[in-house]
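Participant: The structure's right below; bear with me while I get my questions together.
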Amino acid sequence: MTNSNLRTENHFDYVKISIASPQRIMDWGQRTLPNGQVVGEVTKPETINYRTLKPEMDGLFCEKIFGPSKDWECHCGKYKRVRHRGIVCERCGVEVTESRVRRHRMGYIKLAAPVSHVWYLKGIPSYVAILLDIPLRDVEQIVYFNCYVVLDPGDHKELKYKQLLTEDEWLEIEDEIYAEDSTIENEPFVGIGAEALKQLLEDLDLHQIAEELREEITNSKGQKRAKLIKRIRVIDNFIATNAKPEWMVLDAIPVIPPDLRPMVQLDGGRFATSDLNDLYRRVINRNNRLARLQEILAPEIIVRNEKRMLQEAVDALIDNGRRGRTVVGANNRALKSLSDIIEGKQGRFRQNLLGKRVDYSGRSVIVVGPKLKMHQCGLPKEMAIELFQPFVIHRLIRQNIVNNIKAAKKLIQKADDEVMQVLQEVIEGHPILLNRAPTLHRLGIQAFEPKLVGGRAIQLHPLVCPAFNADFDGDQMAVHVPLALEAQTEARMLMLASNNILSPATGEPIVTPSQDMVLGSYYLTALQPNYQKPEFGDNKTTFASLEDVIFAFEDKRLSLHEWIWVRFNGEVEDEDEMLSPQKTKELEDGSRLEIWNLRRDRFGSDNNLISRFVLTTVGRVVMNYTIIDSVSKT
């Protein structure tokens with residue numbers, strides 16, 4: 001924990017998500033002000049006063065609970081400026097502090113009746129139903145006030161624990177219990193709604209049930225065994241996390257910070273507000289109405305109806321549309337609940353936590369760069385100057401080209417030759433990472449040495465395309481710059497494209513030529529039947545080296561598929577299937593000329609090879625020369 005200039009940083013080893021106890025929910029929202037006053041409970045559905053445009057006290061934007069809406073200024077305006085820091089205004093009760101506390105300070109709503117948490121009730125699987133070993137349909141009947149559940153059968157012979165009773169059935173049993181000739185001394189006890197559910201969950205002894213289930217599993221088979229395993233798995237999770245089953249029924253609900261569900265004034269004087277405020281308002285209205293009905297001892301049927309409506313309001317707040325009718329706002333649009341904010345591609349986790357925008361990164365369309373080496377990529381100058389700006393500024397100042405950062409930035413905006421020269425020096429040996437979404441395996445991100453190119457597209461070597469599953473029909477790739485020296489070293493050693501030849505999944509080469517490369521290689525080395533094979537010794541078609549052939553081809557004296565004789569003293573794999581030459585000539589100087597179908601070999605008297613001329617095509621010479629040249633440079 002470090003504290004400097006009122007900025008507090010927390011360093012975490014891990015984040016654990018688990019079910020919260022009622023006390024934990026209260027602790028999130030409840031605070032004791034420096035004057036000893038306890039605040040945190042939201043009791044009013046109002047948001048802001050439409051005349052003063054200030055938050056209403058004890059409402060959803062209350063400054064006493066969540067902090068001031070303006071930095072260092074209380075609600076009534078008595079205290080302004082930072083010198084009053086930490087003071088609680090005697091008039092309005094608002095603590096004088098920064099307004100950004102409204103991004104993390106929470107409140108809570110104390111519920112007049114317990115409500116079931118819709119995630120645990122209607123989730124798949126339903127944890128409440130599994131724990132109680134009651135079908136989900138029956139649990140819903142209890143929670144939404146359609147059926148009573150027997151909590152204690154008493155002396156009644158026909159009743160069993162956890163048995164469901166309709167309204168009419170319970171009235172009949174009541175008549176039986178309170179009849180004059182009744183023999184029942186220990187009266188049965190029934191419940192309805194989330195209160196009954198809470199009672200059932202409180203009665204569970206998880207350790208004892210776990211032991212009984214383990215014994216039962218050994219003697220059971222098939223579907224029954226699978227059901228028991230499912231139940232024991234849930235129970236073991238509750239035991240391992242020290243969570244109590246009754247926490248799945250809420251006594252209080254947290255109110256998230258107001259700056260995470262803002263209310264914004266539009267140009268016409270109207271207000272745009274987060275859907276959560278409407279959902280919270282429904283909960284508070286129904287909760288206050290229920291508390292009032294209980295206070296005036298309203299008839300049970302009215303109270304029960306209000307409890308059901310409160311349950312539905314909390315369901316809509318947590319997960320709108322999970323059960324019953326979806327709550328809609330203007331234009332019949334479904335209101336966005338807490339679950340909608342968290343889940344899915346646009347949710348908090350995938351959009352904001354896992355998919356954060358990062359500094360020193362960019363993206364652009366990829367095009368083929370056939371002249372690049374495999375470990376290189378073409379980076380547009382416009383992109384490079386932006387990504388490597390801090391390095392360029394540092395070098396400009398170090399080389400005394402400019403005196404300060406401001407001057408360096410002005411010079412960079414001009415993008416003159418001096419800046420480009422410095423940029424070239426900076427990117428020399430500084431690898432960058434290229435990523436193509438979706439990154440399905442580790443080769444989806446690879447390191448390359450950047451080469452400055454014109455235009456706005458990233459140039460990519462065609463051989464690395466299979467690893468990225470990329471093609472050049474408009475695909476985009478992201479660029480990331482490793483900043484630390486360790487990151488650069490790791491990128492160069494482990495992630496460089498030329499070090500990732502094999503697929504990590506199969507172990508087979510993933511860098512394989514395809515399409516244009518295969519077609520080009522075939523065309524280059526193909527033999528055209530309509531070209532005549534020249535006589536050996538013809539000055540126009542006999543060359544002393546591969547280089548001479550290349551020069552003649554570049555001068556357009558030769559076509560690509562023309563037959564030629566070329567001197568090449570290396571090993572030759574030709575199509576001659578003969579074991580001995582067609583003809584052997586003894587020459588005047590004592591040397592020997594062997595005439596094969598596609599080559600002429602001349603040997604000295606000591607049987608050493610003096611020269612070898614090979615009959616081939618210009619295209620094959622180009623192919624061989626390119627490969628030999630590339631291999632000799634590495």
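FYI, residue positions are counted from 1 along the chain as it appears here.
Cβ atoms here come from the backbone N, Cα and C positions, even for glycine.
According to Swiss-Prot, the protein has these features:
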BINDING   Cys74, Cys76, Cys89, Cys92  Zn(2+) binding site
BINDING   Asp471, Asp473, Asp475  Mg(2+) binding site
Participant: So around the Mg(2+) site, Asp471, Asp473, Asp475 aside, which residues have their CB within 8 A of the centroid of those CB atoms?
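Facilitator: Other same-chain residues with Cβ inside the cutoff are Ile366, Ala470, Phe472, Gly474.
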Participant: C-alpha of Cys92 (Zn(2+) binding site) to C-alpha of Asp475 (Mg(2+) binding site): distance in Å?
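Facilitator: About 58 Å separates the two Cα atoms.
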Participant: Within 10 Å of Cys89 (Zn(2+) binding site) (Cα-Cα), which of the binding-site residues Asp471, Asp473, Asp475?
Facilitator: none
Participant: Where Asp475 (Mg(2+) binding site) and Cys74 (Zn(2+) binding site) are concerned, what is their Cα separation in Å, rounded?
Facilitator: 54
Participant: Setting Cys74, Cys76, Cys89, Cys92 aside, what same-chain residues sit with their Cβ within 8 Å of the center of the Cβ atoms that define the Zn(2+) site, listed in sequence order?
Facilitator: His75, Gly77, Lys78, Tyr79, Glu90, Arg91, Gly93, Val94
Participant: Do me a favour and check the Cα-Cα span between Cys74 (Zn(2+) binding site) and Asp473 (Mg(2+) binding site); whole Å is fine.
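Facilitator: Pair distance, Cα basis, whole Å: 59 Å.
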Participant: Which one is it: of the binding-site residues Cys74, Cys76, Cys89, Cys92, which Cβ has the fewest other Cβ atoms within 10 Å in this structure?
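Facilitator: Across Cys74, Cys76, Cys89, Cys92, these binding-site residues, the one with fewest Cβ atoms within 10 Å is Cys76.
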Participant: If you count, for each of the binding-site residues Asp471, Asp473, Asp475, the other Cβ atoms lying within 10 Å of its Cβ, which residue has the minimum?
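Facilitator: Looking at the binding-site residues Asp471, Asp473, Asp475, the Cβ with the fewest others within 10 Å is that of Asp473.
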